[in-house]
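*Asks:* Would you mind keeping the following structure in view while I ask a few things?
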Amino acid sequence: MATIDEPLYPIAVLIDELKNEDIQLRLNSIRRLSTIARALGEERTRKELIPFLSENNDDDDEVLLAMADELGVFIPYVGGFEYANVLLPPLETLCTVEETCVRDKSVVSLCRIGTQMREQDLVDHFIPLIKRLAAGEWFTARVSSCGLFHIAYPSAPETFKTELRAIYSQLCQDDMPMVRRSAATNLGKFAATVEPAHLKTDIMSIFEDLTQDDQDSVRLLAVEGCAALGKLLEPQDCVAHILPVIVNFSQDKSWRVRYMVANQLYELCEAVGPEPTRSDLVPAYVRLLRDNEAEVRIAAAGKVTKFCRILNPELAIQHILPCVKELSTDSSQHVRSALASVIMGMAPVLGKDATIEQLLPIFLSLLKDEFPDVRLNIISKLDQVNQVIGIDLLSQSLLPAIVELAEDRHWRVRLAIIEYIPLLASQLGVGFFDDKLGALCMQWLKDKVYSIRDAAANNVKRLAEEFGPDWAMQHIVPQVLDLINNPHYLYRMTILHAVSLLAPVMGSEITCSQILPIVINASKDRVPNIKFNVAKVLQSLIPIVDQSVVEKTIRPCLVELSEDPDVDVRFFATQALQSTDQVMMSS
C-alpha cells in the first residue's frame with residue numbers, strides 16, 4: 001500500500017469500498033464523497049470522480065439514495081457553478097432507477113443544481129436532459145422529467161419554451177398513469193413560471209385533460225392543481241375555468257377525489273373568491289357533508305368552521321347548520337370526533353342567539369357521546385363558546401354534563417376536565433365554584449390513575465393562585481392535609497406533591513403553621529418512598545420559610561432521615577441537607 005501514489009490513495013480507497021460486498025462500507029464511502037473530492041481537487045473530481053460515479057451501477061437503493069443526496073450539494077467541489085453541468089450525467093442515470101425515493105431525491109438535487117446554473121448552461125445542458133428524460137423508454141425517466149420543467153422554463157429562449165410546453169402536454173397524455181400523476185403533481189409549479197397568455201391557453205387545456213382522466217389517482221392530484229392555478233389566474237378566469245371543475249369534482253364517482261375536494265375546500269374557496277363560494281360552492285359543500293363515504297364526511301366536517309367564516313351567518317344557519325345537526329348523530333365515531341374538534345369555533349361566527357338556540361343542543365349531545373375522543377374535543381374548546389354566550393348560560397346548560405364527565409371511566413376525559421377547571425373557576429367565580437366543583441377537586445387527588453392525581457395536585461395549586469391564600473386556607477388546605485392519613489402510600493405521596501406546590505402560593509406563615517408539621521410527621525412513615533419524598537419537599541420549603549425554622553425544625557428532621565436504613569432516603573436527605581448548609585452559609 002505504501003507504494004501507491006499519495007494523491008491517488010483516496011480514490012483508490014473509494015473505488016475499493018464502492019465495489020465492496022458490505023453495503024455499510026459502500027454507504028460510508030458515498031457519504032465521504034465531499035472529503036474525497038476535496039482531497040482530489042476540483043479538476044480531478046470533474047475528470048475522474050464524477051465519470052466513475054456515472055458508471056457506478058450499484059444495485060442497492062440506500063447507496064443510490066445517498067449518492068443522489070450528496071451530488072445535490074457538490075457544485076463547490078467541481079469548481080463552482082460554471083462547471084455545474086458535469087454533475088448532470090450521474091443524476092440523469094439516477095432519475096431512471098426503479099426505486100421512487102431515489103428518483104425523487106435525484107430530481108430535488110437536479111432542481112437545486114439547476115437554480116445555480118448559468119442561463120446558457122441551462123439551455124445547453126439542462127433542457128436537453130429534460131428532453132431525454134421526457135422521451136425515455138422507461139416510464140421512470142418520464143416521471144422524473146415532470147419535476148424539472150419549472151427550473152428550465154424561465155431561462156429558455158422562446159422556441160424552447162414552446163417545445164417545453166408541448167412536451168409537458170404530451171406527458172399529461174402519457175399511456176402510463178404514473179407519468180400522468182407526476183405531471184398533475186408538478187403542474188402548479190410549472191404553471192407559476194409560464195407567461196399569463198400561455199397560462200390561459202396551453203396550461204388550462206393540459207389541466208382540463210387531467211381533470212377528465214380515467215384514473216382517479218390522477219384526478220385527485222388535479223384537485224390540488226385547482227387551488228394552485230386559481231391563485232395564478234384572474235378572478236373572472238378562475239370562475240370560468242376552475243369553479244366548474246371543483247363543482248364536478250365534488251360529485252366525482254371516486255370517493256378519493258371527493259375526499260380531496262373536501263380536504264382542499266377552504267383553499268379552493270380562497271382561489272375563486274367569496275361571491276362564487278356563496279352561490280356555487282355552498283351546495284357542493286353540503287353534498288360533501290352528506291356524502292355516503294365516512295372518510296369524505298370526516299374531511300368535510302373538519303372544515304366546517306373555516307367554511308362558515310367565508311359565509312354570512314344567515315347562509316351558515318340556513319345551509320350548513322342542518323348538516324351539522326345530522327353529523328352530530330353520524331353513525332361513524334370519527335365523523336363525530338372531527339365535528340367536535342371544530343364545532344366550538346362556529347359560536348363566534350353564528351353569534352349569541354343562534355349559538356343558544358341551535359348549537360348548544362348539539363354541544364350537549366356531543367358531550368354525552370359514547371366515544372371518549374368526541375367528548376374530549378368538545379371539553380378542550382369550551383372557552384370559545386363562553387366568549388359568545390356568557391358564563392351564566394354556559395354553567396346552566398353545560399355544567400351538569402361537565403360534572404358527569406369529571407367521573408368519566410376514560411382517564412383522558414377526566415384529565416381534560418381537570419385541565420379546564422382553573423379556567424372554568426376563573427369564569428364562574430368563587431361562589432359557584434365552591435358549590436359545584438370543590439368536592440370534585442378533592443376527589444381527583446384519590447384517583448386510581450397517576451396522571452389524574454398529578455394533574456389534580458397542579459389543579460389545587462392553580463386554584464389557590466386564582467382565588468388567593470385566604471380562600472385556599474379555608475377551602476383547600478384543610479381537606480388536602482386530611483388526606484395525608486390515607487392508608488394507601490401512593491395517595492399519601494400525591495398529597496406531599498400537592499403540599500410542595502401549595503407552599504409557595506400560601507406564603508411563609510401558613511406553610512410554617514399548617515403545612516410543615518404535616519410534612520415533618522410524614523417523615524416517620526414506614527414506607528421509604530414517602531420518606532424520601534418528605535426530604536424532597538423539605539428541600540423545596542427551605543427558600544420559603546425563615547432561617548430559624550430551617551435550623552430548628554427542617555434540619556433535625558433531615559439529619560434523622562440521612563441515617564435511615566434505606567439508601568434512597570439517605571441520598572435525598574443528604575442532598576436536602578447540602579441545600580440547608582448553603583442557605584446558612586449564604587446568610
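Each residue, glycine too, has its Cβ placed from N, Cα and C.
TrEMBL: automatically predicted annotations, no manual curation.
According to TrEMBL, the feature repeat 'HEAT' maps to 10-48, 164-202, 203-241, 242-280, 281-319, 320-358, 359-397, 398-436, 476-514, 515-553, 554-587.
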*Asks:* Using a Cβ cut-off of under 8 Å, list the residues of the same chain at least 6 residues beyond the repeat 'HEAT' (164-202) that approach it.
*Replies:* 127, 130-131, 134, 139, 142-147, 149-150, 152-154, 156, 209-210, 213, 215, 217-218, 221-222, 224-225, 227-229, 232-233, 237
*Asks:* I'd like to know the mean pLDDT over the repeat 'HEAT' (398-436).
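*Replies:* Mean pLDDT, the repeat 'HEAT' (398-436): 72.
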*Asks:* Is the repeat 'HEAT' (554-587) packed against any residues at least 6 beyond its ends, judged by a Cβ distance under 8 Å, and which are they?
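*Replies:* Those are 516, 520, 523, 528, 531-532, 534-536, 538-539, 541-543, 545, 547, in sequence order.
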*Asks:* Near the repeat 'HEAT' (476-514), which same-chain residues lie under 8 Å Cβ to Cβ, leaving out any that are not at least 6 residues past its ends?
*Replies:* 441-442, 445-446, 450, 453-454, 456-458, 460-461, 463-465, 469, 521-522, 525, 527, 529-530, 533-534, 536-537, 540-541, 544-546, 549
